[in-house]
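First comes the structure, then the notes that go with it.
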Amino acid sequence: MTTTVITRIGELVTNDPEREGLLGLVHDAAVVLDGATVAWVGPAADAPAADAQVDAGGRAVIPGFVDSHSHLVFAGDRSAEFEARMTGQPYTAGGIRTTVARTRAASDDQLTSHVARLVAEMRAQGTTTLEIKSGYGLSVHDEARSLAVARQFTEETTFLGAHVVPADTSPEDYVELVTGPMLEAAAPHARWIDVFCEDGAFDVDQARAVLAAGADSGLRGRLHANQLTYGGGVRLACELGLVAVDHCTFLSDADVAALSESGTIATLLPGVEFSTRQPYPDARGLIDAGVRVALASDCNPGSCFTSSMALCIALAVREMRMSPAEALHAATATGAAALDRDDVGVLAPGKAADLVLLEAPSYVHLAYRPGVPLVAGVWQGGRPGLG
Ligand code: NIG
Ligand code: FE
């Protein structure tokens, strides 16, 4: 196995709880990669020799971003819907059906190459672990193939047959399909199951039924909840002890209390509020109430078509009053926790060699220089490259 030492790192973010502060910063640091894992982390002056050496030239290194929420398997374009929104139309769940029609009409190869392009786009921006949902097929065949496409790119695949009820089906019949034949076809390709629990999509009882059926098939639950309205989705996630509940834009005091008591992670997706002109979730209030907060992109053609975790960090800092350190931690270590992963999001011996070299002296530049491409290098499983 080839070893590589990345040396002269001005500021290294480890997220290692054994080190000081939320980010476990090490200054004038080095990291040794041994194949796909991190072998050593510490002061550059003490670094062991390695087969190859990379000079970071005083720049910052962070763990690769863990994007725990994306909907990359789709076809078609909804920029006209975005344009209409920016000139006064509200965002509604119904736009999903437009993408469903385009996705069903696309070939497997078209879907695969589209996902490949988006995954490369994410990687070039520092994302080294990502979750991908289905949810634009909404038929047994199209949900199963969406997941099979997603599986070519990540182990973190999520069955979201319960995204919206398709136009030609009743809600009752559709929930039966999702919990029956569709789940059976999807389960071999998925690790997780998700429901869009919202007015215009699925109510709490339907979400409960879908998650229960998923659990019987060995799929772990996650939930889209409280994105557009107040409702019982977040409390359902907490009651079921789900690892994460996503969006959390409209929260009552009871929702916040349930989150802090259950330990369920609130995954906030500020690109959605940016792209829909909705109010941002109260990240500051959640953190101050002891809730664990993760950040993810929600990259999808409707509510938010960004693949940039750096943008999400900048929005979280500027618009949701997270500190730059909290936002980076939420986009890496807590994103990993939201996928129940402890092998990524942290740079310490034995963890995945997933790291990003920034064209900046400090991680703070991720929020301080919004919109600027700051990724100078990415290693994923020890493999260097941007694409
Ligand atoms: O996470 N909320 C549900 N699903 C996506 C949006 C899907 C769409 O509009 O196409 C989301 O925001
Ligand atoms: Fe989503």
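Cβ atoms are placed via backbone N, Cα and C, with glycine included.
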Which of Asp142, Asp298, Asp340, Asp342 belongs with His69, His71, His224 in the Zn(2+) site listed by TrEMBL: Asp298
Record-annotated 4-imidazolone-5-propanoate site (TrEMBL): member among Tyr136, Tyr280, Tyr363 besides Arg78, His163, Gln227, Ser303: Tyr136
Position of peak Cβ density within 10 Å, selected from the binding-site residues His163, His224: His224
His71 (Fe(3+) binding site): tally of other CB atoms within 10 A of its CB: 28
CB-centroid shell, 8 A cutoff, N-formimidoyl-L-glutamate site Tyr136, Asn300, Gly302, site residues removed: His71, Phe74, Arg78, Gly95, Ile96, Thr99, Gly135, Pro301, Ser303
Those binding-site residues of His71, His224, Gly302 having Cα within 10 angstroms of His163 (4-imidazolone-5-propanoate binding site): His224
Env. residues of Fe(3+) site, Cβ within 8 Å of mean position of His69, His71, His224, Asp298 Cβ: Ser70, Lys133, Asp246, His247, Leu269, Ala296, Cys299, Asn300
Protein Cβ atoms within 10 Å of Asn300 (N-formimidoyl-L-glutamate binding site), excluding its own: 26
